[in-house]
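Heads up: the structure comes next, in structure tokens.
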Amino acid sequence: MRASTACLVALLAPFYISALPVEYFYGDEQQPIEEGAENSAVFEQDRELIGLFNPSKEIGQVSGLAVNKNGHIVAFHRSGRVWDEKSFNDHETFNKDLGVINNKTIAIISREKKVIDEFGAGLFYMPHGLTIDNNGDYWVTDVGSHQVHKIDAKTQKIVMSLGEKMVPGEDQAHFCKPTDVAVAKNGHIFVADGYCNSRILKFDAKGNLMAQINAATEENQPSEFVVPHSLSLIEDMNIVCVADRENQRVQCFSAGLSEGDRTLPTGIPITSATDIGRVFAIREREHYLIGVTGNSEDVEAQMFSIDMQTGKTETFAKGVRNTHALAIAADGVMFVSQLEPSRILEIRLL
């Protein structure tokens with residue numbers, strides 16, 4: 001068993017998800033983080049060690065996180081920009097007076113917390129999602145410009161954009177505050193669109209629309225997405241999972257990537273986890289789907305793990321609030337960004 005697998009296996013307890021419809025249950029209760037503990041350099045809960053991953057150089061609010069092929073942490077951040085009531089008008093158009101962010105917005109950070117490279121100045125308006133494809137190139141979403149961009153990792157230049165700059169819309173050529181992007185090895189692009197349209201769109205490698213994924217119909221569950229905030233693509237299982245934030249659930253669908261006579265078309269419901277809190281980010285590693293949630297009326301902020309092969313689930317890191325982005329390193333260490341206070345947490349399982 002590889003180290004990263006062993007690290008994640010330690011989470012699992014006998015709880016299950018199954019084919020639709022299904023209810024989600026959470027496992028052993030843990031004490032919330034004590035008042036003031038969140039400001040400590042390191043604090044320990046029952047099953048995890050949580051420390052502050054403070055980069056050597058100050059960066060802004062981190063809206064997107066990823067781990068590159070070298071094992072470095074990549075942070076997509078907003079520099080000094082803050083998303084508030086002045087950022088957009090009633091038609092979802094970004095406030096042109098704010099202009100582009102002139103500072104660098106992408107930081108590459110070593111595991112020793114040293115900022116080893118920065119770029120992205122003069123490109124983005126309100127950074128949001130980040131992923132790294134199989135070739136090591138970066139994909140980001142900018143809710144300010146209503147676009148998705150591919151950035152060449154070597155040149156650090158935008159080489160492809162989807163959506164019309166600064167123009168929100170709901171047709172095939174426009175997005176409205178897209179939140180996240182996932183890219184398959186064959187070049188197919190999945191976009192969570194997002195805060196306004198609440199839909200999932202699939203494009204080919206050239207940016208041509210292939211399919212739209214709609215929310216699965218489940219008993220006693222909403223029939224539409226409400227802020228699909230994060231995506232996770234599990235290619236060898238032909239699954240794409242959606243963090244349906246305001247519906248407090250994760251829904252997983254066929255990704256339409258397999259070939260042959262038994263290929264499932266894109267968007268067939270596969271499984272789901274419901275009533276788990278407002279899910280801000282999901283990421284997969286070795287068939288474990290890891291997620292972070294925010295506070296809701298019935299469920300406190302926490303993280304969860306789902307074994308996508310067996311359906312076993314568990315929760316952990318209860319009380320870690322205001323999270324937004326998640327990345328998982330090869331050794332199973334998890335990195336979680338918080339917007340308030342603005343920082344990155346490093347979470348190791350005991």
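Note: Cβ is positioned from N, Cα and C throughout, glycine not excepted.
What you are looking at is a predicted structure, and each value in this text was computed from that prediction instead of being measured.
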Cysteine from C176, C241 that Swiss-Prot links to C196 by a disulfide bond: C176
Sequence-remote partners of the repeat 'NHL 4' (212-256) [C-beta within less than 8 Å, at least six residues beyond its ends]: 20-21, 24, 129, 179-185, 188, 190, 192-195, 198-202, 263-284, 287, 289, 291, 293, 296, 299, 306, 308, 326
C252 (disulfide bond), number of other Cβ atoms within 10 Å: 24
Tally of residues which DSSP labels helix, strand or coil - the repeat 'NHL 2' (113-154): 0 helix, 21 strand, 21 coil
Integer Cα-Cα distance in angstrom, C196 (disulfide bond) to C241 (disulfide bond): 19
Residue numbers, six or more beyond the limits of the repeat 'NHL 1' (46-90), whose CB comes under 8 Å of its CB atoms: 10-11, 28, 30-31, 98, 101, 103-111, 113-116, 118, 120, 126-132, 136, 138, 140-141, 143-144, 153, 316-317, 320, 324-330, 335-337, 339, 342-350
